[in-house]
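The structure appears right after this line, and notes come after that.
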Amino acid sequence: KMSNSSSLNEFLLLPFADTRELQLLHFSLFLAIYLAALMANGLIITAVACDYHLHTPMYFFLLNLSILDLGSISTIVPKSMANSLWNTKAISYLGCVAQVFLFLFFISAEYCLLTVMAYDRYVAICRPLHYGTLLSSRACVKMAAAAWASGFLYALLHTGNTFSIPLCQGNALGLFFCEIPQILKLSCLDSYHREVWLIVVSTCLVFGCFLFIVVSYVQIFRAVLRILPEQGRHKAFSMCLPHLAVVSLFLSTVLFAYLKPSSISSSALDLSLAVLYSMLPPTVNPLIYSLRNKELKEAL
C-alpha cells in the first residue's frame, strides 16, 4: 500500500499474458494493428496535403481527424508493446499523467471534430449555395482550432482533478494503459463526489455534441428525401454514410465501455472493450472514409 500519491514513482499496468510466448504474440498483434493505423492515416494525411483537388472543407476536417487518430493510438499502443517486449508492467508517474492527458485530449477533440464534420455535411446538402461562405478557409480553421482547444481544456480539467486526489490503495491498474476510472479506484477516499462537477461538464459536452449531430442529420435526411432524382439521393447518402459510420463506431465503443452495467463487468470484458475503443476507431476510420470515395482513391 502507498501512503499517498506523492510517494508514487510508478504505476503497474495490467499485462496481457504471463508467459513469454503470449507476450511476444501480443507484441506482434499490436505492432501489426499500429502499423496498419500509421499507414492508413498517414496515406490520408499525405493525399489531402499534396493533392490540391482535395483542398476542400470536408478533406481538411478529414486530415485533422487522421492526425487525432494517429495521436490517440500512439499514446497507448507503443507503451503497451514495449512492456510486452521487455517483460515489464511499469509506467512512470509522469508517464501515466501524460498518457491520461493525451488520450483524453485526442478522443475529446475527435468527438468535437466529428460534430463540426456533421455541420459540414449539413451545409453541403441543405445549403449548398452558401457552402463557400459558411465554410470558407478561415471558418474551417477556426472550427478545427475550436475542436482542438475544447479537447485540450477538457483533458486538462480531468487530468488535473484526477491526479490531485490522494492515492493509497497500491499502484496496480486493472488495464493496459492509464485510465481515470482505474486511477480513482486507488484513491484513499470516495473520490467520485469530487468528480461530480466534471461528470456534469462531460455529460453536457457529450449530449450537446450528440444532439447537434442528430439535428443536423434529421435536416439532411429531410432534404435528401425531397431530392427527386435517384442519382442525387444516392450521391447525398454516399457523402454522409462514412461520417455516420465513424460517429457510430466512436460513440458505441466509448459509451458501452464507460456506461455498461457493473453486473456484467469483468477484467476480461474491460480489457476487450478498452482495446476496441482505443484501437479500433483509429485503425478503421481511414478505411471507412476511403472505401467508396473516388476522389480519395484517385489521390492515393
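Every residue, even glycine, has its Cβ placed from backbone N, Cα and C.
Residues or ranges marked as domain 'G-protein coupled receptors family 1 profile' by TrEMBL: 40-289.
Taken from TrEMBL, the feature transmembrane segment applies to 24-47 (among others).
Same-chain residues lying 6 or more positions outside the transmembrane segment (59-78) and placing a CB less than 8 Å from one of its CB atoms are 30, 33-34, 37-38, 41-42, 44-45, 48-49, 99, 102-103, 105-107, 109-110, 113-114, 116-117, 120, 140, 144, 147-148, 176-177, 246, 278-279, 281-283, 285-286, 289, 296. Residues or ranges marked as transmembrane segment in TrEMBL: 59-78 (among others).
What TrEMBL lists as transmembrane segment is 90-119 (among others). Sequence-remote contacts of a segment are chain residues at least 6 beyond its ends whose Cβ falls under 8 Å from one of its Cβ atoms, and for the transmembrane segment (90-119) they are 8-13, 58, 61-62, 64-65, 68-69, 71-72, 75-76, 79, 83, 143-144, 146-148, 150-152, 154-156, 158-159, 162-163, 177-180, 183, 205-206, 209, 212-213, 216-217, 243, 246-247, 250, 254, 278, 281.
As annotated by TrEMBL, transmembrane segment applies to 139-157 (among others).
Look at TrEMBL and you will find 196-218 (among others) tagged as transmembrane segment. Same-chain residues lying 6+ beyond the ends of the transmembrane segment (196-218) with a Cβ under 8 Å from its Cβ atoms: 108, 111-112, 114-115, 118-119, 121-122, 150, 154, 157-158, 161, 240, 244, 247, 251.
Per TrEMBL, the feature transmembrane segment maps to 239-259 (among others). Residues of the same chain lying 6 or more positions beyond the ends of the transmembrane segment (239-259) and with a Cβ under 8 Å from any Cβ of it are 65, 107, 110-111, 114, 117-118, 121, 124-125, 181, 210, 213, 217, 220, 270, 273-274, 276-277, 280-281, 284-285, 288-289, 291-293.
Annotated transmembrane segment per TrEMBL: 271-291 (among others), in sequence order.
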Folded-back contacts onto the transmembrane segment (139-157), same chain, C-beta under 8 angstroms, at least six residues removed: 57, 60-61, 64, 100-102, 104-113, 115-116, 119, 198, 201-202, 205
Within-chain partners of the transmembrane segment (271-291) [C-beta distance under 8 Å, separation at least 6 from its ends]: 14, 16, 33, 36-37, 40-41, 43-44, 62, 65-66, 69-70, 72-73, 76-77, 103, 110, 175-177, 179, 242, 245-246, 249-250, 253-254, 256-257, 260, 297, 300
Residues from the same chain, set at least six apart from the ends of the transmembrane segment (24-47), whose C-beta lies under 8 A from its own: 16-17, 54, 62-63, 66-67, 69-70, 73-74, 77-78, 80-81, 84-85, 279, 282-283, 285-287, 289-290, 296, 299-300
